[in-house]
Structure formats: structure tokens, C-alpha cells
């Protein structure tokens with residue numbers, strides 16, 4: 001993923017330059033044009049409240065107080081009718097609420113009379129409560145209409161600004177969730193890739209031509225030793241090509257017959273020995289994909305399990321699973337500790353998003369969808385997840401454009417002006 005290192009002040013200035021409002025307030029911008037049905041036109045910085053705390057919509061002496069009831073039950077629209085400020089019985093009229101959500105999704109909520117003097121819809125208003133509202137009401141035979149925006153968790157970010165900030169979107173769609181096991185292990189030279197260069201006859205070391213870390217080729221002279229038996233000097237050569245891991249001699253020292261003078265290993269291929277504990281050993285088999293991460297610096301490589309060794313490591317009482325790691329660039333070193341994710345299965349999912357798309361908003365786990373230059377929060381119900389992706393059970397539709405990179409910037413822009421949840 002591309003990293004965008006932007007100073008906080010610069011970032012704040014960048015996002016504050018977006019065209020349009022953040023759209024988080026639910027101020028009363030009631031837009032309607034008078035017509036044959038007696039539509040109202042009301043403008044105010046704050047919506048007028050009724051006796052029950054709902055938005056008060058007034059016209060020609062008739063009023064509808066509209067609220068979303070959220071008293072421990074699924075949110076639904078609730079309304080009360082008035083004439084000249086005095087409550088009317090529910091039989092005096094009817095109320096219908098039409099919502100248009102971001103992306104042109106429409107909902108209709110019809111309210112029915114209740115015994116407590118209010119009208120209540122039998123349909124739930126899903127989160128977020130962010131939409132354009134149209135209220136159609138009949139009060140004592142007179143028709144009225146009100147329209148106003150009621151937004152929350154919404155902001156507008158111009159395309160160029162979003163691009164410069166690294167905000168990237170992708171359509172949500174089907175995928176798979178990996179069943180992964182986290183394990184740790186160690187890098188070792190592969191069997192057959194190590195060799196020792198030894199002294200054939202005892203005698204003093206007369207020359208040393210390589211140091212630890214040097215690359216050598218098979219047959220290359222590494223040292224010379226004067227034989228005590230023949231008083232002639234003989235060469236000690238590299239038995240294989242590779243890297244000098246150890247030099248166990250010094251100039252002038254006496255080398256014994258068969259003494260190991262150099263240890264050499266071909267490090268182009270390493271073994272990754274992973275330690276599997278408990279019940280995990282029964283799920284991990286040869287051929288499983290493995291993501292190996294070097295603990296020291298986080299470098300990552302992909303490989304597969306070659307085999308699961310039949311025995312148990314005595315000291316750790318673990319089962320050892322072995323993978324082969326290509327090391328042509330020499331970045332991986334034997335003896336390095338690693339951690340790994342072993343994928344034992346793939347579970348199909350109808351909708352998945354990257355883990356990086358998720359944010360916490362209020363007490364919801366959310367993603368942000370984009371329509372044009374408008375971004376809006378979407379609470380989601382999540383299912384299975386792995387290190388890269390998470391299954392979305394509900395809250396999105398296939399094809400929704402979801403912010404998959406720099407989602408925290410969208411969250412910050414929404415929160416900077418406050419995200420209202422007042423109905």
C-alpha cells in the first residue's frame with residue numbers, strides 16, 4: 001500500500017479545502033414550494049422542536065411533529081398532529097415519510113394510529129439516519145408536504161483532494177476468507193547446502209585467504225597449511241559454492257588432522273522450521289500456503305509447506321512443519337526468528353472488504369461508501385476475517401464503492417464538524 005506521510009496541520013488544511021459541507025448536522029433546512037397541495041417552505045438554522053422533542057413541521061395552522069423513536073426498540077418514525085398548536089386525535093389525519101438515501105435508494109414509511117395519541121410506523125429506519133426527507137401529511141382533510149435534508153456521518157471531498165490524500169475506493173464484491181494459523185519458527189540452511197573445509201594433515205596455517213561472510217566458489221583456495229609430515233604446503237579448498245559462515249583458524253596456528261577450518265553454506269535456499277503446538281498440528285499439512293515475516297524488520301515472503309516432520313521437538317514438545325524459502329538476494333539469514341501465517345483452508349464469502357477499510361464510528365464498526373464526491377458512513381455486520389479481509393454479512397450492497405485506503409482520513413473529516421444523531 002502506498003504510504004502518504006502528511007503532517008497533521010497540512011492534512012487538516014487539505015481536507016478543510018473540500019468543496020461543500022461535511023453534512024453532519026441535521027439542521028432544519030425544510031425545502032418545499034407552495035402549490036396545489038399546500039406545500040410549505042420553512043428555513044431555519046435549527047429545526048423547531050415539538051412537545052415530544054421531534055421536528056415540528058408547520059403550515060397554515062396545521063402541524064406535524066416528527067421524530068424517530070429509539071427507546072430501546074428498533075428505530076421507527078413517530079408523529080403527532082396539531083391544529084393551531086393544540087393536539088389532534090390520530091383519526092384527524094395521516095402521515096407518510098419518504099426517504100432518499102445516498103445513491104438514490106428510496107424508502108417509504110407509513111405511520112399508523114396508536115392508542116397513545118401518536119402515529120407510529122411499523123417499518124424500521126436503518127442506520128445511518130442520513131437521507132433527504134419528504135413528509136406527506138393530511139390534517140383534517142388538508143394535504144401538506146415538507147422536504148428537508150437530514151444528514152449524519154456524511155462529508156464531501158473533492159476528487160483531486162481525495163486523490164492527493166491517497167483516498168482510494170474499490171467496489172465491494174465476493175471473495176474468500178482464509179483459515180489461518182499464526183506460528184513462529186527459525187531459518188536454517190537447507191540439508192545438503194552446508195559443508196566444512198578441513199585440514200588433511202596436521203601443521204601450521206601459512207595463509208588465510210577468505211573471511212566470514214565472503215562468497216566463495218567450489219574449488220576456491222581458502223587457506224594453505226604446511227604439513228608436519230611432508231614439510232610441504234597444501235591447499236584447503238571450498239567443497240561447495242556459498243557463503244563462509246565460520247573461520248576456525250588463525251594465521252600461524254597449528255591445525256590438527258581433520259580440524260574444521262571453515263564452515264560454508266549455500267544460502268540461496270533456506271529452510272523455515274515452524275513450530276506447531278497442540279491441536280493445530282492436526283490441521284496443518286504439506287502444500288499449505290505460508291506467509292513468512294522476519295521478526296527483526298517485518299520483511300515478508302510467500303512460500304508453501306514442504307512437509308510436516310514425523311517426530312516431536314523434545315525441548316518444545318512441538319511438531320515441526322518445514323517450508324523452503326528462496327533467498328536469491330541474500331536478505332534472509334540463517335538463525336533469524338520468523339513468524340508465519342499458515343493458510344489451511346479458504347472460506348467463500350459473498351462480500352468482503354479489506355481490513356483497512358474498517359473504522360470505529362460511535363459504537364459501530366463501519367466502512368465509508370462514496371457516491372460522486374460524497375462519502376458516508378455505513379455500519380456493517382461482520383463475519384469471518386483473516387489478516388487481510390473481513391466478510392460483510394449486512395450493511396452493504398454488491399458493487400458499493402468502499403474506501404479501502406486512508407479510510408481514517410474520511411472519518412476524521414466527518415468528525416471534525418461533529419456527527420449529529422439528533423432527530
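Keep in mind that glycine also has a Cβ here, set from the backbone N, Cα and C atoms.
Bear in mind that TrEMBL entries carry predicted annotations, made automatically and left uncurated.
Annotation comment: TrEMBL describes 40-52 as compositional bias 'Basic and acidic residues'. For 54-146, the entry in TrEMBL reads domain 'CzcB N-terminal'. The domain 'CzcB-like barrel-sandwich hybrid' annotation in TrEMBL covers 195-266. Per TrEMBL, domain 'CusB-like beta-barrel' is recorded for 269-343. For 352-411, the entry in TrEMBL reads domain 'CzcB-like C-terminal circularly permuted SH3-like'. The region 'Disordered' annotation in TrEMBL covers 21-52. TrEMBL lists 1-22 with the feature signal peptide.
The average pLDDT computed over the domain 'CzcB-like C-terminal circularly permuted SH3-like' (352-411) stands at 96. The stretches the domain 'CzcB N-terminal' (54-146) and the domain 'CzcB-like C-terminal circularly permuted SH3-like' (352-411) meet in space: the count of Cβ pairs below 8 angstroms, excluding pairs fewer than 6 apart in sequence, reaches at least three.
Across the domain 'CzcB-like C-terminal circularly permuted SH3-like' (352-411), the DSSP tally of helix, strand and coil residues reads 8 helix, 36 strand, 16 coil.
Across the domain 'CzcB N-terminal' (54-146), the DSSP tally of helix, strand and coil residues reads 3 helix, 58 strand, 32 coil.
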